[in-house]
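Notes for the one structure printed next.
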2 protein chains.
Amino acid sequence: MTATATLRPREDVGLRDRLARSAAEREAGMQLRNPDFMPWLAERGVAHRFAVERIPFSALEGWSFAQDTGNLGHHSGRFFTVEGLHVVADEESGGEWQQPIIKQPEVGILGILAKEFDGVLHFLMQAKMEPGNPNLLQVSPTVQATRSNYTKVHRGADVKYIEYFTQAGRGRVMADVLQSEHGSWFHQKSNRNMLVQTDENVHVDDDFCWLTLGQIGELLRLDNVINMDARTVLACVPGVSPGSRALHSDTGLLSWFTGERSRRELRAERTPLGEVSGWQRDPWAISHDAGRYFRVVALAVQAGNREVTGWTQPLFEPVATGVTAFLTRRFGGVRHVLAHARAEGGFLDTVELGPTVQYTPENYAHLDPADRPRYLDLVLEADPARIRYEAVHSEEGGRFLNAESRYLIVDTEDIGTDVPPGYSWVTPDQLSSLARHGHYVNVQARTLLACLNTGAVPG
Amino acid sequence: MTATATLRPREDVGLRDRLARSAAEREAGMQLRNPDFMPWLAERGVAHRFAVERIPFSALEGWSFAQDTGNLGHHSGRFFTVEGLHVVADEESGGEWQQPIIKQPEVGILGILAKEFDGVLHFLMQAKMEPGNPNLLQVSPTVQATRSNYTKVHRGADVKYIEYFTQAGRGRVMADVLQSEHGSWFHQKSNRNMLVQTDENVHVDDDFCWLTLGQIGELLRLDNVINMDARTVLACVPGVSPGSRALHSDTGLLSWFTGERSRRELRAERTPLGEVSGWQRDPWAISHDAGRYFRVVALAVQAGNREVTGWTQPLFEPVATGVTAFLTRRFGGVRHVLAHARAEGGFLDTVELGPTVQYTPENYAHLDPADRPRYLDLVLEADPARIRYEAVHSEEGGRFLNAESRYLIVDTEDIGTDVPPGYSWVTPDQLSSLARHGHYVNVQARTLLACLNTGAVPG
């Protein structure tokens, strides 16, 4: 006996076409033409008072170093703590080291609301100030909320549009996946990346703007406009260029990945921040003894359009600009990118796929050229004619201060099908398939995947 | 410019058909007819001396309780340790408790070698003794090896056929995925589940036998014949009954799962075994104060066909037989099973999909009927006519002693499309799609999925 019930198609076969149609609209959306966008964004900046000032740790309000552990935390026990991490790994994964790390076990929501206007999908993007952004104001998802935000731990205003992401059935889900964040700075942090399409009438608040996927792609060609949270969500849509053939079958790719995760040895244990060796604390910063990697610093923030009107907080500040790049090549006519299975100390499960290159060159400047990261020079010395995409983006401005990377996609003819252990050629659509699931594609690779998904990279 | 290279189809579109053909061969394979199988298995048992004896902890050789932590470990630092776990969770996930737990950070390989004979896929299964199996000898994968095994920590014999799973290119990979094991007994344990097809001539050792998928399915209808390691690997093949429609789209299912993982709160910290409260240790066992759950005990093993000839080790011994069941119903003509998003203390990532019911009734006997696990009575009191599958299987006999569960698949007409939080109707093929990836489908649900994949459950 069978119960009567309405079955659905397991796959939304029209979704790729709808996304492709939105990606093709590159010059104007229902709300703004591109030339009007940057003035609109600047106006939103003017509309809100916002000032950021470096302060010593002693001027932090509500934050302190614990007597016993030296961990830096908030008296409410919420938000996040800065603790220590002790990593013991194989040589390929970096050997043994200690470092400060951010522990934030809450799962936040990064959500973009979508809606069709005249048959074209638009995405509701927000002009949002974050204290760590080099230019303060960037374009964020519709909703960017820690659990503390939307459960009101800091007693601020409601998170606008949150109901589309927390109430089942308010819209059609296009993507919903827990994705890792920076494994070098966060301990096992993941956020819920959501895209939800609604047919309801949506009141558009002053700080919000409907953009097509193509418009977002155009903005991704500019430095520091589309924030990290928006980029990672946009990486989770199905790729707009599906293909049924690749150098490796999907099962072959999964098998290579499983092999990488199995062979790499990396054990990371949290330790008290006060006992982390190789780092020193002064009144203004916690720094690496050799001045590498990052500093832990403190900021005071005055803002008008945040959920609360002012606060102080610690942030991580990298010591220099990173270089993050996919090398790319066509095989048999099909574009592939060279993925790198990266072990990072804060990953939940040892290894995720990163870009070909993801390094801060200054951290390796003291090494012999032969010991410097593989493929870094190939990117740094690339013929400009081979650079298919280049822009500077910053990482999450709520936790990281001026954490900029130069993101590139660079053509190569120097690498064939035979690649070293830890590397594999994959098609962008294969990466997109993996990004439907968590813990496969790291946050830096997701930025580059968002550039591919939105047409920011010329075909 | 494009490099010349041979591209492959991303999907092996013929694989489902080849598996279905093998599943249809239920009575005989190229090596044995079914009536000859149990005599063959018994003969393998006779061929090998094997005896198991309970011993006090003090008689363990090479194993001891650490002075400082009370953790039980091997002097080599390898194999596994028994430590403590302190779990703090929401009420739905079990509240707060402490327990002993097995920590075994190594990733082992569970691998089944496949080969076509006369156009029919056969799987090379092994007659393998494990000290914790109720009947000692069961049918295991071709290879069942911890990293200590195949890297020779215990200086035993080579692991036969391991090269098909460790040497890239020795065969065509049908599945390769890191799957979790028992989240109530293991701390974040996963094993590499592999199916590899070869075209080489394979010498068949005495303890090995080629079986079709259908023959394995017939053996799965018997109690305690196909071991857990074989069952979990067989769960990782693509389902033989694909379907393009279901109650929920695949994205909808992923979204529900992501929501479950996000909303559940479970934090588990390892603690010293000596400080675990609610448990007591005597010379022969570590037991729960109320006699529930499991005991930690020790065994001495004498064997002839193992990689080494004798050893002692600790095992976990559950206090009673479990009940593990999927409730199933057809909607719109399509079979669905009711999956339960279970939080278990040892899971790497909080929640995985388990069967509808997965409990040891004795552990709940002290509770009011209203507080007993949901759907347990529906299974225990099911009309025999609704039981589509029933057999007793034991969990991994290398770590668990007499850990038996009654596995069932039971038709229901009592549950409609509207189900409580934490439950969702899914098709078996949707479960199979998730089982291509790790940490979605727990080991108990994978046993039932293996029964579905091999035709052990009548259509």
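Placement of Cβ uses the backbone N, Cα and C atoms for every residue, glycine included.
Straight from TrEMBL, the features:
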type	residues	note
BINDING	A:Trp63, A:Thr146, A:Arg147, A:Ser148, A:Asn149, A:Tyr150, A:Asp229, A:Glu396, A:Gly397, A:Gly398, A:Arg399	dTDP-4-dehydro-6-deoxy-alpha-D-glucose 1 binding site
BINDING	A:Ser184, A:Trp279, A:Arg342, A:Gln358, A:Tyr359, A:Thr360, A:Asn363, A:Tyr364	dTDP-4-dehydro-6-deoxy-alpha-D-glucose 2 binding site
DOMAIN	A:36-237	domain 'dTDP-4-dehydro-6-deoxy-alpha-D-glucopyranose 2,3-dehydratase'
DOMAIN	A:252-452	domain 'dTDP-4-dehydro-6-deoxy-alpha-D-glucopyranose 2,3-dehydratase'
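Here the features listed in TrEMBL are placed on the structure.
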{"residue": "A:Trp63", "record": "dTDP-4-dehydro-6-deoxy-alpha-D-glucose 1 binding site", "DSSP class": "strand"}
{"residue": "A:Arg147", "record": "dTDP-4-dehydro-6-deoxy-alpha-D-glucose 1 binding site", "DSSP class": "helix"}
{"residue": "A:Ser184", "record": "dTDP-4-dehydro-6-deoxy-alpha-D-glucose 2 binding site", "DSSP class": "coil"}
{"residue": "A:Trp279", "record": "dTDP-4-dehydro-6-deoxy-alpha-D-glucose 2 binding site", "DSSP class": "strand"}
{"residue": "A:Tyr359", "record": "dTDP-4-dehydro-6-deoxy-alpha-D-glucose 2 binding site", "DSSP class": "strand"}
{"residue": "A:Tyr364", "record": "dTDP-4-dehydro-6-deoxy-alpha-D-glucose 2 binding site", "DSSP class": "helix"}
{"residue": "A:Gly397", "record": "dTDP-4-dehydro-6-deoxy-alpha-D-glucose 1 binding site", "DSSP class": "coil"}
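When the binding-site residues A:Arg147, A:Arg342, A:Arg399 are compared by the number of other C-beta atoms lying within 10 angstroms of their own C-beta, A:Arg147 comes out lowest. Put simply, of the binding-site residues A:Trp63, A:Arg147, A:Asn149, A:Asp229, A:Arg399, the one whose Cα is nearest the Cα of A:Thr360 (dTDP-4-dehydro-6-deoxy-alpha-D-glucose 2 binding site) is A:Arg399.
Reduced to three states, the DSSP call for A:Asp229 (dTDP-4-dehydro-6-deoxy-alpha-D-glucose 1 binding site) is helix.
The maximal spread of the dTDP-4-dehydro-6-deoxy-alpha-D-glucose 2 binding site, taken as the longest Cα to Cα distance among A:Ser184, A:Trp279, A:Arg342, A:Gln358, A:Tyr359, A:Thr360, A:Asn363, A:Tyr364, is 24 Å. If you draw a 10 Å sphere around the CB of A:Asn149 (dTDP-4-dehydro-6-deoxy-alpha-D-glucose 1 binding site), it holds 22 other CB atoms from the protein chains shown. Looking only at the binding-site residues A:Trp279, A:Tyr359, the densest Cβ neighbourhood within 10 Å occurs at A:Tyr359. Taking Cα separation as the measure, A:Asp229 (dTDP-4-dehydro-6-deoxy-alpha-D-glucose 1 binding site) is nearest to A:Ser184 of the binding-site residues A:Ser184, A:Arg342, A:Tyr359, A:Tyr364. Here the binding-site residues are A:Trp63, A:Tyr364, and the one whose Cβ sees the fewest other Cβ atoms within 10 Å is A:Tyr364.
For A:Gly397 (dTDP-4-dehydro-6-deoxy-alpha-D-glucose 1 binding site), other Cβ atoms within 10 Å of its Cβ number 27.
Using CA atoms as reference points, the binding-site residues A:Ser184, A:Trp279, A:Tyr359, A:Asn363, A:Tyr364 were checked against A:Arg399 (dTDP-4-dehydro-6-deoxy-alpha-D-glucose 1 binding site), and the closest is A:Ser184. Closest to A:Tyr364 (dTDP-4-dehydro-6-deoxy-alpha-D-glucose 2 binding site) by Cα-Cα distance, out of the binding-site residues A:Trp63, A:Arg147, A:Asn149, A:Gly397, is A:Gly397. Candidate binding-site residues: A:Arg147, A:Asn149, A:Gly397. Nearest to A:Gln358 (dTDP-4-dehydro-6-deoxy-alpha-D-glucose 2 binding site) by Cα distance: A:Gly397.
Of all the binding-site residues in the record (A:Trp63, A:Arg147, A:Asn149, A:Gly397), the one with the smallest CA separation from A:Tyr359 (dTDP-4-dehydro-6-deoxy-alpha-D-glucose 2 binding site) is A:Gly397. Using a 10 Å radius centred on the Cβ of A:Ser184 (dTDP-4-dehydro-6-deoxy-alpha-D-glucose 2 binding site) and all shown protein chains, the other Cβ atoms total 21. The binding-site residues shown are A:Ser184, A:Arg342, A:Asn363; of these, the one with its CA atom nearest the CA of A:Arg147 (dTDP-4-dehydro-6-deoxy-alpha-D-glucose 1 binding site) is A:Ser184. A distance of 16 Å separates the Cα atom of A:Ser184 (dTDP-4-dehydro-6-deoxy-alpha-D-glucose 2 binding site) from that of A:Gly397 (dTDP-4-dehydro-6-deoxy-alpha-D-glucose 1 binding site).
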